[in-house]
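Below is one structure, written out as structure tokens, with a few remarks after it.
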Amino acid sequence: KLSVAPEIDVMEYCRKEWRGNTPVAKRMKKGYEAVAQKFASIRRVRGDNYCALRATLFQALSQATQLPSWLQSEDFAVLPENLLSEYDWIKQWQLKEKPGRKMGEISDEIKEYLMLLRKKWKNISEIKDPTEKQEACDKVFKNEQEEYSLYEALKFLMLNTAIKLYNDDKDGRRVPVFSWLLFARDTSSNPCQLMHNHLNHIGHSGGLEQVEMFLLAYALQYTIQVYRLYKYSTDEFITLYPNDPEEDWPVVTLITEDDRHYNIPVRMCQETML
């Protein structure tokens with residue numbers, strides 16, 4: 001079962017979802033009209049607690065034309081063992097449906113997920129034909145076991161990024177503002193708490209919070225552009241994570257009505273592409 005539904009015209013989707021004339025419905029319609037000026041279609045993303053990861057990864061893979069440099073690095077494969085040798089508490093990483101794993105297994109298993117992410121990204125980025133590329137991408141999101149393994153890899157990369165930012169800040173190096181906000185929460189004042197109280201729950205009992213969208217963007221070195229429809233006509237209608245992106249980071253676009261569930265706009269309108 002495909003966890004990203006086939007595409008449907010943006011305004012047709014809007015009419016199905018928002019029939020009424022309440023102030024909220026009017027705002028959503030305006031929001032969708034704005035999206036429709038840039039994108040022809042929308043694909044609905046399965047609404048579990050992985051939807052932010054799913055929507056972001058789907059868009060990144062759909063557009064991939066090369067393997068990001070961080071996926072090519074030699075350290076990438078040994079990331080789990082390196083981190084586990086330094087931070088004993090990572091043993092309590094919550095693998096999907098496999099609580100209480102031993103440390104060795106956890107390291108091997110996460111390495112397997114990271115290698116799968118590298119392999120899928122490489123294979124899809126090498127496909128030149130857009131239709132074939134899309135089919136290969138769809139295939140990943142039809143295989144539940146593979147798909148959830150990739151989310152574990154993304155979550156682990158988010159943890160790795162959080163540890164780096166935390167250490168940089170402690171050592172007096174400059175860190176992005178969101179990093180202070182991330183560690184200013186009572187529930188995540190350090191990477192260990194972030195793992196226990198947030199990352200371990202993503203996909204199980206919670207999705208990504210706003211500040212974790214920044215962390216995901218940094219982990220992937222992608223700018224995540226989000227149409228936040230309920231913020232239509234405010235300056236937060238189109239939000240960028242991070243808000244001061246690196247010039248060379250690729251951009252993926254998502255749509256949300258409430259900052260909890262994310263769908264993806266597809267097929268840029270011709271005039272937008274010029």
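Cβ from N, Cα, C; glycine included.
Please treat TrEMBL annotations as automatic predictions, because they have not gone through curation.
Feature list (source: TrEMBL):
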type     : residues : note
ACT_SITE : Asp48    : active site
ACT_SITE : Cys51    : active site, nucleophile
SITE     : Glu236   : site 'Linear diubiquitin binding'
ACT_SITE : His261   : active site
Listed in sequence order, residues with CB under 8 A of Asp48 (active site) and six or more positions away: Gly203
Distance from His261 (active site) back to Cys51 (active site, nucleophile), taken between C-alpha atoms, in Å: 6
Close in space, distant in sequence - Glu236 (site 'Linear diubiquitin binding'), Cβ under 8 Å, 6 or more apart: Arg228
Spatial neighbours of His261 (active site) that are distant in sequence (at least 6 apart) but have CB under 8 A: Val45, Gly47, Cys51, Gly207
